[in-house]
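Engineer: What Swiss-Prot records for GLY9, MET10, SER11, GLY12, GLY13, VAL14, ASP15, SER16, MET35, GLY124 is ATP binding site. Annotation comment: Swiss-Prot describes CYS100 as active site, nucleophile, evidence class sequence analysis. Among the features that Swiss-Prot reports, disulfide bond is placed at CYS100-CYS196, with the record citing sequence analysis. Among the features that Swiss-Prot reports, site 'Interaction with tRNA' is placed at HIS125, GLN346, with the record citing sequence analysis. Here Swiss-Prot flags CYS196 as active site, cysteine persulfide intermediate.
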Amino acid sequence: MTKRRVVVGMSGGVDSSVTAWLLKEQGYDVVGLFMKNWEDDDDGEYCSTRQDWIDVVSVADLIGIDVEAVNFAAEYKDRVFAEFLREYSAGRTPNPDVLCNAEIKFKAFLDHAMSLDAEMIATGHYARVRERDGRFELLKAFDHTKDQSYFLHRLNQAQLSKTMFPLGEIPKTKVREIAAQIGLPNAKKKDSTGICFIGERPFRDFLNRYLPTKPGPMKTPDGKVIGEHIGLAFYTFGQRKGIGLGGSKDGSGEPWFVAAKDIASNTLYVVQGHDHPWLLSRQLVAGNVSWVAGEPPADGFSCGAKTRYRQADAACSFGRPALGRADGERFSLTFDDAQWAVTPGQSAVLYDGEICLGGGIIEFAATGQPGQTAPAAAAGHAGALAEAR
């Protein structure tokens, strides 16, 4: 009997290595595929691509599977990195890992795998896929502390129908145990952290290679200038470190946080205190939406939402602003409790219990007490939010 072929995305890490081993043990015809998504010729100090490939080959030899490398660097720069720079240039804080999953790991990679006569692809992500009544649902992982459905929320029915997440039912501690028991050479390798193409280098240094500095005033909510920023692109909402005000004696003496950006005047607004009103939001508008089921929830639907990775689901209600658009490009969320540092450019991802429904890119979040709203890069969407209320 012909074995079903599964192409596994292998990164050189423990998770994808155990994924490949598990599928081989289950009787699949497993082929490993190593994706090179970044040209790192000048980045040897920070990028680990060469060592990662060595680890992949070592693991493949141990478990007895074929492996190949494919270069998606051109696709990555065109579909992911270019958008990353555009968003930062506009004063927002994007999440390239979300776009990478949708455009590279589950599009370019999936297409390549199908050219190898694969029936399915698999990755080491911590999430689950469930088929019910001919439709595919994206579920949180059994190990909620490692759940990665937030990064996968833009996957569609066609992609999920061809995808396996073997680690979705396994706690991370068990994955490490398996790696050690079968003698994987990378069993003790540290998990990768941060944005894949930046590695361990200082983020500001990396960004400055592509975006110029553009100094401007740093102001308090009452308009007082208390410093100078190096460029709005280099700061994000809720940021505390690296704003140059650690020793300031002004105000209450509490820590300073980035609270807003005014693109028109190139002004960075900072506030004192973690719970300052300008850092708290109960409503947001998100655009560039994507729904796992292909359609949005009903207006007024009660759900949970994350506005950043690892955040606990926050209770909220879903709305569809009347923006004169028939394609459902935007939605609003009204939270039961105020959310901290909701950041334009990040993803707002919706959940119905364990089920990930999809989400969109945050464009605007209403902040402040009545009559006090912080300037924002997406201030043009304030009217849309008013319609959503």
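Any Cβ shown, glycine's included, is placed from N, Cα and C.
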Engineer: Based on Cα distances to GLY13 (ATP binding site), point out the closest of the recorded positions CYS100, HIS125, GLN346.
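Structural biologist: Nearest listed residue in space: HIS125.
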Engineer: Using all protein chains in view, find how many other C-beta atoms are within 10 Å of the C-beta of GLY13 (ATP binding site).
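Structural biologist: For GLY13 (ATP binding site), the count of other Cβ atoms within 10 Å is 20.
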Engineer: What whole-number value in Å do you get for the largest C-alpha pair distance within GLY9, MET10, SER11, GLY12, GLY13, VAL14, ASP15, SER16, MET35, GLY124, the residues recorded as binding ATP?
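Structural biologist: Farthest-apart Cα atoms in GLY9, MET10, SER11, GLY12, GLY13, VAL14, ASP15, SER16, MET35, GLY124 are separated by 16 Å.
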Engineer: If you compare CA-to-CA distances from GLN346 (site 'Interaction with tRNA') to each of the recorded positions MET35, CYS100, HIS125, which comes out shortest?
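Structural biologist: Closest by Cα distance to GLN346 (site 'Interaction with tRNA') among the recorded positions MET35, CYS100, HIS125: CYS100.
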Engineer: HIS125 (site 'Interaction with tRNA') to CYS100 (active site, nucleophile): how many Å between their Cα atoms?
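Structural biologist: Between the alpha carbons of HIS125 (site 'Interaction with tRNA') and CYS100 (active site, nucleophile) there are 13 Å.
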Engineer: Cα-Cα separation of MET35 (ATP binding site) and CYS100 (active site, nucleophile), in Å?
Structural biologist: 12
Engineer: For SER11 (ATP binding site), what residues in its own chain, 6 or more apart in sequence, show a Cβ-Cβ distance under 8 Å?
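Structural biologist: Sequence-distant Cβ neighbours: PHE34, MET35, ASP52, VAL56, GLY124, SER192.
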Engineer: Let's check the environment of HIS125 (site 'Interaction with tRNA'): how many other CB atoms sit within 10 Å of its CB?
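Structural biologist: The answer is 26 other Cβ atoms.
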Engineer: Inside 10 Å of the Cβ of ASP15 (ATP binding site), count up the other Cβ atoms and send me the figure.
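Structural biologist: ASP15 (ATP binding site) is surrounded by 24 other Cβ atoms within 10 Å.
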Engineer: How many neighbouring Cβ atoms, not counting its own, are there within 10 Å of the Cβ of the residue listed as 'active site, nucleophile'?
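Structural biologist: Excluding its own Cβ, the number within 10 Å is 25.
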Engineer: Quick one: Cα separation, GLY9 (ATP binding site) versus CYS100 (active site, nucleophile), in Å?
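Structural biologist: Between the alpha carbons of GLY9 (ATP binding site) and CYS100 (active site, nucleophile) there are 13 Å.
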Engineer: Please report how many Å separate the Cα atom of ASP15 (ATP binding site) from that of CYS100 (active site, nucleophile), as a whole number.
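Structural biologist: CYS100 (active site, nucleophile) has its Cα 18 Å from the Cα of ASP15 (ATP binding site).
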Engineer: For GLY13 (ATP binding site), name the DSSP secondary structure in the helix/strand/coil scheme.
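Structural biologist: Once the DSSP labels are grouped into three classes, GLY13 (ATP binding site) ends up as coil.
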Engineer: Going by DSSP, is MET35 (ATP binding site) sitting in a helix, a strand, or coil?
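Structural biologist: DSSP assigns MET35 (ATP binding site) to strand.
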